[in-house]
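Each remark here refers to the structure printed beneath this line.
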Ligand SMILES: Nc1ncnc2c1ncn2[C@@H]1O[C@H](COP(=O)(O)OP(=O)(O)OP(=O)(O)O)[C@@H](O)[C@H]1O
Ligand SMILES: Cc1ncsc1CCO
Ligand SMILES: [Mg+2]
C-alpha cells in the first residue's frame with residue numbers, strides 16, 4: 001500500500017488548461033447535472049447523441065462517454081457510431097452500463113458496446129459485479145453492494161476486456177488489471193442526488209481526454225476530485241437538495257495544491 005506516484009493536482013491543472021471537449025451520450029436524467037459538473041470542473045461538455053452526427057462529432061471531441069441509463073431503441077445506433085468513431089480516431093471512450101442486469105435489452109446493448117472495447121468502464125458496485133457474472137443486490141439503477149465487494153469482479157473485467165475498471169460507492173476502487181487504487185472521501189448524500197455517478201462518468205472522460213496516454217491515472221484523478229469535492233460540500237449541506245449546488249461550487253473552487261493535500265488515494 002503506497003501513495004500514488006503521480007500528482008492529481010497536476011492532472012487537474014492540465015485538464016483545466018486543455019478545457020477538453022467531451023461528447024456525452026448520457027441519459028435524460030443526467031443531461032443537466034453532467035453538463036454542469038463538467039463546466040464546474042473545467043471541461044467543455046456537448047450532449048451529442050443522434051445517429052446522424054454522433055460518429056462525426058466523436059472525431060472532433062477529446063473523448064466520448066456513453067451511458068445507457070434511459071436506453072431506447074432509437075439511441076443505440078448513435079452510441080455504436082460514437083464508440084466506433086472514437087476507436088477509429090484513437091480517442092478514449094468511457095462506458096457507464098447503468099442497470100445493465102435489469103433487462104434483456106440492456107444486456108444486449110451493453111454486450112455490443114463492450115465488444116467495441118471501451119477504454120474505461122465505470123459503474124456502481126452492483127453493475128460491475130453483475131457484469132462479471134456475480135450475484136448482486138442492485139435495484140434498478142441503484143447499487144445494493146459495496147465497492148469493496150466488487151474488487152474481484154473489477155479485476156476480472158479489466159483483464160478480460162483490457163480496460164480500466166472504476167467501481168464507485170462509499171470507497172471507490174480503480175484497476176487496470178495489474179495496478180489498483182482505492183479512493184476514500186465523498187459523502188453519504190451523493191447516492192441521494194440522482195445521476196451523480198453518470199456525471200462522474202462524463203468527468204472521467206474529461207480527464208482521459210486531457211491525459212489520453214494515462215487512462216488509469218486520469219480515472220483516479222476524476223474519482224478523487226469527486227471524493228474531495230463531495231467531502232467539502234458535505235460539511236455545509238443540510239440535505240440532498242442543498243448538497244447539489246454546494247458540490248458544483250466545491251468542484252470549481254478546488255485548487256491543485258489543496259487537491260493533492262486532501263485526496264485520499266492508496267495504491268494497492
Ligand atoms: N456512501 C457513500 N459515501 C461517500 N461517497 C459515496 C457514497 N456512495 C456513493 N458515493 C460517491 O458518489 C459518486 C457516485 O457514485 P455511485 O456509486 O452512487 O454511482 P451510481 O450508482 O452510478 O450513480 P447514479 O446511477 O445515480 O448516477 C462517486 O463519487 C462515489 O464515490
Ligand atoms: C433515475 C434514473 N433512471 C434511469 S437513469 C437514472 C439516473 C441515475 O442512474
Ligand atoms: Mg450509475
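Glycine too: its Cβ is placed from the backbone N, Cα and C atoms.
Whatever TrEMBL says is automated annotation, not expert-curated.
The following features are taken from TrEMBL:
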type: BINDING; residues: 47, 195; note: substrate binding site
type: BINDING; residues: 122, 168; note: ATP binding site
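The Cβ of residue 47 (substrate binding site) has 15 other Cβ atoms within 10 Å, all protein chains considered. Residue 195 (substrate binding site) has a Cβ environment of 23 other Cβ atoms inside 10 Å. In the three-state DSSP scheme, residue 122 (ATP binding site) falls into the strand class. With a cut-off of 6 Å between Cβ and the nearest atom of ligand 1, the binding-site residues 47, 122, 168 reduce to 168. The number of other CB atoms found within 10 A of the CB of residue 168 (ATP binding site), across every protein chain shown, is 28. Residue 122 (ATP binding site) and residue 195 (substrate binding site) have their C-alpha atoms 13 Å apart, to the nearest angstrom. In this structure, the CA atom of residue 47 (substrate binding site) is 23 Å away from the CA atom of residue 168 (ATP binding site). Checked against ligand 2, the binding-site residues 47, 168, 195 give 195 as the ones with a Cβ under 6 Å from it, listed in sequence order.
The CA atom of residue 168 (ATP binding site) is located 13 Å away from the CA atom of residue 195 (substrate binding site).
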